[in-house]
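Per Swiss-Prot, the feature topological domain 'Cytoplasmic' maps to 1-7; the stated evidence is sequence analysis. The topological domain 'Lumenal' annotation in Swiss-Prot covers 29-800, and the record cites sequence analysis as its basis. According to Swiss-Prot, the feature region 'Disordered' maps to 36-66. Positions annotated as N-linked glycosylation site by Swiss-Prot, on the basis of sequence analysis: Asn188, Asn622. Feature annotation from Swiss-Prot assigns divalent metal cation binding site to Asp632, His746; the stated evidence is sequence analysis.
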Amino acid sequence: MAARGRRAWLSMLLGLVLGFVLASRLVLPRASELKRVGPRRRPSPEGCRPGQEASQPGGARGDARGAQLWPQGSAAEGVPRDRNFLFVGVMTAQKYLQTRAVAAYRTWSKTIPGKVEFFSSEGSDTSIPIPVVPLRGVDDSYPPQKKSFMMLKYMHDHYLDKYEWFMRADDDVYIKGDRLESFLRSLNSSEPLFLGQTGLGTTEEMGKLALEPGENFCMGGPGVILSREVLRRMAPHIGKCLREMYTTHEDVEVGRCVRRFAGVQCVWSYEMQQLFYENYEQNKKGYIRDLHSSKIHRAITLHPNKNPPYQYRLHSYMLSRKIAELRHRTIQLHREIVLMSKYSSTEIQKEDLQLGIPPSFMRFQARQREEILEWEFLTGKYLYSATDGQPPRRGMDSAQREALDDIVMQVMEMINANAKTRGRIIDFKEIQYGYRRVNPMYGAEYILDLLLLYKKHKGKKMTVPVRRHAYLQQTFSKMQFVEHEELDAQELADRINQDSGSLSFLSNSLKKLVAFQLPGSKTEHKEPKEKKINILIPLSGRFDMFVRFMGNFEKTCLIPNLNVKLVILLFNSDSNPDKAKQVELMRDYRVKYPKADMQVLPVSGGFSRALALEVGSSQFNNESLLFFCDVDLVFTAEFLQRCRANTVLGQQIYFPIIFSQYDPKIVYSGKVPSDNHFAFTQKTGFWRNYGFGITCIYKGDLVRVGGFDVSIQGWGLEDVDLFNKVVQAGLKTFRSQEVGVVHIHHPVVCDPNLDPKQYKMCLGSKASTFGSTQQLAEMWLEKNDPSYSKGGSHGSARTA
């Protein structure tokens with residue numbers, strides 16, 4: 001027993017000694033070597049490996065800059081981005097180097113996992129900050145057959161062993177580098193592959209391209225891709241291909257050369273027509289017009305975009321799509337965090353709880369009738385709303401239409417995600433009807449009834465119309481703030497001080513942010529003088545309203561001595577019985593405030609608001625700020641400051657959405673009305689969303705858009721006409737609810753002699769001023785339903 005125990009101990013000891021010896025001989029030298037060499041690093045974000053030069057032969061300069069436009073994970077998942085993966089040669093000409101070539105270099109070239117060079121004629125300008133390769137012995141003549149072949153020879157001679165794939169592209173194509181990389185990584189570059197959109201020629205060219213039955217070529221416009229093996233086989237024979245050409249089409253001849261010497265031709269695949277997109281629209285103008293299309297999303301290359309602004313437009317759209325995808329990914333991560341926290345018993349952060357709540361129409365539970373979020377009914381063209389202040393039916397504006405198109409497109413992409421494996425495809429036909437609402441806490445919600453076409457292409461082929469209900473939500477992502485310019489605290493404090501209202505106290509705190517002046521500095525800041533506002537009031541009759549307006553003007557402008565000028569555009573017609581009293585009232589105010597800038601300007605003829613404002617504005621120069629006002633309004637000093645801030649000469653016009661009072665006899669049910677005109681409730685009034693008469697505009701911009709249509713008589717239409725002119729002139733319109741202006745209720749009298757359009761608008765305006773829908777309904781029920789009890793449960797149920 002003792003001998004057996006000693007043998008066991010000796011065996012264990014011998015094993016330990018042998019283990020240490022083997023470790024010292026095998027493991028330690030390897031660890032020392034790794035320590036000397038240092039850790040292997042992944043490619044840097046700019047695409048250059050440690051020790052690798054940024055520039056390559058051929059004139060490329062800084063091709064790795066801007067590679068951070070797309071995330072590193074945008075390639076095939078799990079595969080590091082290889083900057084020596086793809087070489088793109090762009091055919092251009094000297095006359096396009098400053099335009100198309102620069103646009104391509106600044107947009108899609110940054111997404112290519114490799115190198116991009118622009119090939120032009122001999123003697124081309126190489127001082128342009130893009131990688132230009134002037135091809136020796138090549139000119140810019142069209143068709144560019146020699147240029148195309150010599151570019152391929154250049155690729156072969158300089159880069160054959162450095163890149164796996166080679167692409168011939170036009171300068172008016174757009175390439176999605178991340179999508180292209182994912183596609184090419186699924187293929188073997190060691191095999192002879194010739195990729196692009198398969199072409200046979202136009203109907204008129206059939207039989208004239210020297211193509212045998214079954215032969216084809218890759219169309220040059222959307223781009224042509226060659227594997228390294230194809231380029232290796234055909235490049236040595238380029239001279240022979242140049243001498244033996246049968247057509248003037250360079251893409252046909254390149255395809256012929258590849259087929260003859262590489263032994264392959266353009267792949268026969270319907271999918272290539274979608275991946276390499278060519279715009280076949282009738283009357284095409286050289287650019288891709290409709291970006292909100294599934295074709296645009298599926299494509300890898302898009303052609304043509306001959307005008308550089310449209311290239312930048314397309315790139316901006318692609319970046320916005322990428323941002324949307326990243327935002328959606330963040331929402332998914334927040335949801336995963338919330339889900340995992342339930343299993344790990346960890347505390348959920350407030351942000352995760354807000355953004356990670358799963359999709360549901362019950363995310364918000366209303367506790368009162370007023371909190372219920374109502375749905376808007378929609379069809380393909382119109383929105384129907386029961387919201388106070390909104391018309392019962394209105395056409396969809398461009399933003400709403402665009403949003404709906406994007407939603408439908410995303411739905412169809414989800415439905416057809418596995419269409420190939422299922423042997424069917426579903427096409428969208430139209431929206432039968434739907435519902436829409438916006439939850440301010442969580443996002444937009446839709447219920448859509450869709451008419452679709454079910455197309456089965458496996459087994460028994462069939463096409464069947466089907467209807468499907470889609471319940472959709474667009475969740476809000478995290479709020480972000482972006483400062484386009486660095487904040488100047490001193491300038492901001494000065495702008496706040498211009499306002500004599502309650503906000504001026506804020507500037508005292510902001511001044512603490514301003515850098516201290518050096519000792520002995522003589523600099524003294526002077527507050528800029530605020531811009532004078534010229535208030536124009538067309539007036540005919542309405543003396544009582546004029547008295548109230550002048551009382552508000554005195555309190556708001558005259559007593560604080562604000563920098564404004566009041567111009568009363570007084571009509572001299574016999575139909576104005578109050579003319580003498582109005583002139584007398586203005587005289588009294590001028591005596592009381594001799595330094596105030598006030599003027600009465602006579603206007604002849606029958607009343608025309610357009611004519612009066614045109615006459616009044618003619619008194620000012622182009623730098624004057626005009627405020628088109630009415631006598632039945634009251635406004636505050638804060639509004640005047642916003643009038644200045646929201647109106648920019650040559651750029652922006654302010655069309656405030658003002659609050660209009662309901663009839664106080666209905667609102668207060670015969671009781672004494674409140675003296676506070678600025679009470680904003682659903683019961684007291686509504687926002688005039690479709691009124692454009694109250695305007696802040698510079699005289700120069702008024703002249704630029706063509707001024708008022710003085711042929712319009714009476715009230716109405718002149719404001720809509722001016723608004724349309726502003727939009728058509730390309731000026732920005734600023735629209736927002738304005739709490740500093742209130743339209744005081746007064747009886748509306750519609751003259752039957754008005755133009756039919758004006759008369760209809762007048763009747764609509766009159767009907768909207770009686771009271772809110774809920775209050776009018778309650779009044780009707782009180783008179784016609786004896787069982788109705790205001791405020792009771794029965795009444796509440798009936799009016800909800």
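Cβ from N, Cα, C; glycine included.
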Task = In whole Å, note down how far the CA of Asn188 (N-linked glycosylation site) lies from the CA of Asp632 (divalent metal cation binding site).
result = 77
Request  = Give the sequence-ordered list of residues that share a chain with Asn622 (N-linked glycosylation site), lie 6 or more positions from it, and have CB atoms under 8 Å from its CB.
outcome  = Tyr698, Lys699, Gly700, Val703
Query = Which residues does Asn188 (N-linked glycosylation site) neighbour through Cβ under 8 Å, counting only same-chain ones at least six apart?
reply = Ser227
Inquiry  = Neighbour count, 10 Å Cβ-Cβ cut-off, for Asp632 (divalent metal cation binding site): what number do you get?
reply    = 17
Request  = Would you mind pulling the DSSP three-state label for Asn622 (N-linked glycosylation site)?
outcome  = coil
